[in-house]
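Swiss-Prot lists Gly13, Val14, Lys15, Met16, Pro17, Ala18, Leu19, Gly20, Leu21, Gly22 with the feature NADP(+) binding site, giving sequence analysis as the kind of evidence. What Swiss-Prot records for Tyr52 is active site, proton donor. Residues or ranges marked as substrate binding site by Swiss-Prot: His110.
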Amino acid sequence: MAGKSPLINLNNGVKMPALGLGVFAASAEETASAIASAISSGYRLIDTARSYNNEAQVGEGIRNSGVDRAEMFVTTKLFNCDYGYERALRAFDESLGRLGLDYVDLYLLHWPTKDWNATIQSWKAAEKILGDGRARAIGVCNFLEDQLDELIAASDVVPAVNQIELHPYFAQKPLLAKNRALGIVTEAWSPIGGAINDGDGDNHGGRKHPLTDPVITTIAEAHGRSAAQVILRWHFQNDVVAIPKSVNPERIAKNIDVFDFALSDAEMAQLDELDTGVRIGPDPRDVDTSSFAEFV
């Protein structure tokens with residue numbers, strides 16, 4: 001079957017699906033099964049990373065899918081421990097080897113690090129990989145506004161994508177606007193979001209979750225959709241690429257079934273008002289080349 005997701009244009013003319021499957025923290029067995037379910041459900045964007053330890057299963061799943069490689073959009077990422085020009089080039093070769101592919105569609109720097117020179121040198125390596133045709137586009141993850149400015153000032157290529165934590169409870173409106181102004185597509189990791197402290201000890205032990213938030217569930221009921229589908233549609237209408245992670249075949253299928261309904265301006269505004277400004281993941285200013293060593 002054909003891919004279900006609309007395509008968006010990156011700043012170098014490459015087309016990228018507007019929704020894909022993330023495989024963070026999925027085991028090898030879970031990844032293989034999830035890839036099969038996703039592709040059969042119409043996904044064409046798969047997002048992995050060196051630190052996820054499942055690149056091999058992603059590549060195997062794509063090869064076994066029966067879908068032409070040219071129809072797929074594969075993203076992987078350079079991890080912090082491999083930063084530096086030569087190390088980044090070697091790490092990319094290793095990722096390609098694990099994937100069993102000749103090229104990736106998008107190669108991302110996973111984090112900005114306190115060792116800014118290593119970050120810049122890694123980006124220079126990504127520029128070479130792009131120039132050699134082994135990545136169709138390059139980008140970054142978790143870069144803040146000033147970090148984007150510094151990177152661009154020291155580089156020849158403007159990132160095509162900035163993949164960031166973004167969900168209704170952490171909407172990052174200023175960074176989203178910055179990305180747009182620079183011609184950078186925003187991609188959301190953890191697009192559904194997770195539980196946050198809400199200050200009400202009588203409500204879920206002082207925590208709430210987007211999937212049970214009454215604002216979201218009320219909108220979902222009005223459309224006959226799930227809360228997750230409403231959130232993913234909110235991303236799409238904000239021109240944000242979402243990569244929800246799931247290993248459940250039913251949820252995988254539902255997550256991409258969001259392109260045949262629309263949220264009203266009032267509903268979009270209601271969802272926007274849920275922003276707490278509270279980050280669930282790490283602060284991009286506190287990450288170094290040795291951060292998250294337990295993942296590799």
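Using the three backbone atoms N, Cα and C, a Cβ is placed for every residue, glycine included.
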Out of Lys15, His110, give me whichever of these binding-site residues has the highest number of other Cβ atoms within 10 Å.
His110
Can you grab the distance from Pro17 (NADP(+) binding site) over to His110 (substrate binding site)? Cα atoms, rounded to a whole Å.
20
Provide, as an integer number of angstrom, the distance between the C-alpha atoms of Leu19 (NADP(+) binding site) and the residue listed as 'substrate binding site'.
19
Whole-number Å only: compute the distance from the Cα of Leu21 (NADP(+) binding site) to the Cα of Tyr52 (active site, proton donor).
13
Mind checking which of Gly13, Pro17 has the fewest other CB atoms within 10 A of its CB? They're the binding-site residues.
Gly13
Considering Cα atoms only, can you say which of Gly13, Lys15, His110 is the nearest neighbour of Tyr52 (active site, proton donor) among these binding-site residues?
His110
List the Cα distance (Å, whole number) between Gly13 (NADP(+) binding site) and the residue listed as 'substrate binding site'.
23
Quick one: Cα separation, the residue listed as 'substrate binding site' versus Lys15 (NADP(+) binding site), in Å?
21
